[in-house]
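Swiss-Prot annotations:
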- 158: active site, proton acceptor (ACT_SITE)
- 33, 108, 140, 141, 165: S-methyl-5'-thioadenosine binding site (BINDING)
- 64, 88, 158, 159, 160, 161: spermidine binding site (BINDING)
- 5-238: domain 'PABS' (DOMAIN)
């Protein structure tokens, strides 16, 4: 790619988005995927895997704050957290802000992602890889949750879209392993795409998760990079009350955690579980 070239995302067959490229910082075909980082004048550094944008410097905080603080503050007493994926380090950064957490395990299939993100996206991890509570495991996520004897309070699946290496993280085998790897009252959350364009994926995840969890739903956030509408995050737990916490309880936990966020707040937390009717209808009829 030349410095003035346009980079086109290939997630959808018939339409998409493009980015102007100021400078290509890194490109490599790793053992598992084709990876590129380039600079864009609006979004800063952009990372893409297999032709699909994964994260940008400009708006990554929305995604990572919602993926971490919603389940962690809903739980309230999490000590052990498992991150599946998350090689750019931003999920780890947000989890590590919770000082009551004692252990953070991250399972990443591709060691190359971790290495180049530390070099080319340093603001994502912001030093979190040096946190003494952190443990990195290079392994397939499905294999890990089905082999480990450890139990976790919160599991965060920072998966790619269900193509290529990320496809296995949308299977029943993975969801069953996650359910088994949670402590009592534990919470599982996962990236589940833009529901207007990827509605079938949301329905499929909902149906599969419902076999292993008593309370399955989604929450949402608007993230500019992921075009097409709101992004949905799968939510699954055995405790139905955790999704219905009142704003006063969340506000108290937020203050006690000493968090300062750019997107997340307790009101956003409560409102994020309100879903558009077209998704609710799909979840009801496509079973």
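Just so it is clear, glycine is given a Cβ too, placed from its N, Cα and C backbone atoms.
Swiss-Prot feature annotations superimposed on the structure.
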residue : record                                 : CB count, 10 Å
33      : S-methyl-5'-thioadenosine binding site : 21
64      : spermidine binding site                : 25
88      : spermidine binding site                : 26
108     : S-methyl-5'-thioadenosine binding site : 23
140     : S-methyl-5'-thioadenosine binding site : 18
141     : S-methyl-5'-thioadenosine binding site : 26
158     : active site, proton acceptor           : 27
159     : spermidine binding site                : 22
160     : spermidine binding site                : 18
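Nearest in space to residue 64 (spermidine binding site), taking C-alpha to C-alpha distance over the recorded positions 33, 108, 140, 141, 158, is 158.
Under the three-state DSSP scheme, residue 140 (S-methyl-5'-thioadenosine binding site) falls in the coil class.
In this structure, the CA atom of residue 33 (S-methyl-5'-thioadenosine binding site) is 11 Å away from the CA atom of residue 160 (spermidine binding site).
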